[in-house]
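According to Swiss-Prot, the protein has these features:
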type: COILED; residues: 90-123; note: coiled coil
type: DOMAIN; residues: 14-46; note: domain 'LisH'
type: REPEAT; residues: 153-192; note: repeat 'WD 1'
type: REPEAT; residues: 196-244; note: repeat 'WD 2'
type: REPEAT; residues: 251-292; note: repeat 'WD 3'
type: REPEAT; residues: 295-334; note: repeat 'WD 4'
type: REPEAT; residues: 347-395; note: repeat 'WD 5'
type: REPEAT; residues: 415-454; note: repeat 'WD 6'
type: REPEAT; residues: 457-492; note: repeat 'WD 7'
Amino acid sequence: MTNWQQQLPLTDTQKNELDKSVLRYLNWNYKQTVRHEHAQDYESVRHAIVTLSGFLLQESVDRQEFISNNDTSNESMVDIDELLLPKKWNSIVRLQKKIIELEQNTETLVSQIKDLNTQVSELAQFKPTTSNGASAHNVLKWIPRNLPSCLINVESSVTSVKLHPNLPIVFVATDHGKLYAFDLFNYTIPLASLQSHTKAITSMDVLFTNFTNSSKKNYLVVVTASKDLQIHVFKWVSEECKFQQIRSLLGHEHIVSAVKIWQKNNDVHIASCSRDQTVKIWDFHNGWSLKTFQPHSQWVRSIDVLGDYIISGSHDTTLRLTHWPSGNGLSVGTGHEFPIEKVKFIHFIEDSPEIRFRTPSTDRYKNWGMQYCVSASRDRTIKIWEIPLPTLMAHRAPIPNPTDSNFRCVLTLKGHLSWVRDISIRGQYLFSCADDKSVRCWDLNTGQCLHVWEKLHTGFVNCLDLDVDFDSNVTPRQMMVTGGLDCKSNVFMR
């Protein structure tokens with residue numbers, strides 16, 4: 001055996017089969033191309049292939065078989081083995097892809113096992129301190145693991161997601177105007193689905209009413225806003241697992257961008273903002289429009305409500321604070337370079353002095369009930385602002401502070417590579433999602449990014465939701481849900 005034969009990682013039989021496959025492919029190729037495109041070279045090419053077979057094929061029987069198959073009298077016959085080589089080549093490529101997929105799945109499973117082992121260790125050391133079996137401190141310290149607990153698929157891109165305040169149910173709104181309710185313990189089929197709008201749903205909010213008047217029964221309200229210029233209000237009937245429409249709110253003249261529902265005493269109100277540059281306040285019980293004001297010169301994209309105050313973010317790159325009962329604009333924040341996608345108040349939480357921005361710095365801010373807010377923008381940044389105190393007068397609506405009416409940016413979070421779409425605050429953590437297909441967790445105390453989820457979605461991540469930490473009517477749970485352009489919702493649970 002020669003030196004080059006020793007270097008070839010094939011047995012004699014394997015080498016012979018490979019040579020035959022190569023010759024058969026060359027034979028098929030010259031029949032298909034040379035005879036039609038280079039007819040003048042037909043005989044010379046055919047002779048060269050026959051000569052080559054004499055060198056490569058070891059057995060005389062194999063050579064004779066190939067020569068007879070290559071004879072011109074048999075040119076109408078198609079050897080079924082002539083395409084064996086390209087078929088094998090294609091099979092190898094498919095096998096390589098399959099191997100890569102299996103390796104990725106193995107890595108995912110190994111990571112999931114590590115996360116589960118970590119959770120088991122934490123649970124073994126965990127000591128419950130509250131009646132529901134979880135300490136408030138540990139609940140607020142929770143950061144979701146790398147992989148979701150369940151994956152929900154719908155028919156079109158997910159535009160908004162909301163968790164039921166008390167039950168293991170997630171509400172999903174889509175770009176086709178459909179509204180879904182999924183049981184997180186049996187999510188293969190939705191509990192309910194409804195074509196709630198004729199165009200895309202842009203925003204959704206939920207509220208479990210807490211009427212002190214015994215004549216009114218408490219229930220969950222789901223509010224949706226849409227590109228069809230309408231706002232729909234639904235009652236979630238838990239006993240029948242269905243949406244029951246209460247009313248529609250009409251009045252905006254362009255796309256309704258965001259909607260918010262809240263309760264103060266026995267009064268329930270709904271706030272909405274639109275591309276028509278207005279913000280409207282609605283009475284939940286009768287559907288009347290109580291107030292309309294125009295805080296911005298361009299499209300109002302997002303709002304949040306805290307008591308009698310509304311913060312709004314706009315296409316004009318500013319965010320503004322308004323006293324909604326009077327319509328008085330109180331202060332403005334400038335600093336973003338591109339349109340603002342999301343705004344939120346940062347609520348105070350009790351007994352957490354170690355958490356930055358969650359405790360008032362002065363008694364005046366404590367009495368006012370707010371001090372900080374956060375905004376997310378298309379400029380890829382998230383900014384935390386200190387809101388200036390307005391001039392407060394007894395029995396009168398607040399007015400702007402003549403010496404200080406501008407928000408002060410106290411922290412800028414940078415890390416996303418594209419538009420930041422949504423934000424949610426829980427304890428000392430701020431969660432954000434963006435068009436860079438990632439979800440990030442930030443530490444409010446340090447401003448550092450603690451964790452990044454990069455492979456949750458294959459497209460833009462449009463929305464996310466976590467249980468709020470400032471409402472006693474919401475069950476403290478360790479859950480997070482995300483929704484994306486890839487028609488999927490990822491749910492994380494401990």
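Using the three backbone atoms N, Cα and C, a Cβ is placed for every residue, glycine included.
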Looking at the repeat 'WD 4' (295-334) alone, can you tell me the average pLDDT? 97
Candidate ranges 153-192, 196-244, 295-334, 347-395 - greatest C-beta contact count to the repeat 'WD 7' (457-492) (under 8 angstroms): 153-192
Cβ under 8 Å, sequence separation of at least 6 from the ends of the repeat 'WD 4' (295-334): give me the contacting residues as numbers and ranges. 257-258, 260, 262, 264, 269, 271-275, 277-279, 281, 340-345, 347, 369-370, 373, 375, 377, 383, 385, 387-388, 390, 397-401, 405-407, 409
Positions whose Cβ lies under 8 angstroms from the repeat 'WD 6' (415-454), at least six residues beyond its ends: 139-141, 143-144, 146, 338, 341-342, 344, 346-347, 349, 352, 354-358, 374, 376-378, 380-382, 384, 460-469, 480, 482, 484
With Cβ-Cβ distances below 8 Å as the criterion, list the same-chain residues six or more beyond the ends of the coiled coil (90-123) that contact it, or say none. 145-147, 494
Across the repeat 'WD 1' (153-192), DSSP yields 0 helix, 21 strand, 19 coil
In the repeat 'WD 5' (347-395), how many residues does DSSP put in helix, strand and coil? 6 helix, 13 strand, 30 coil
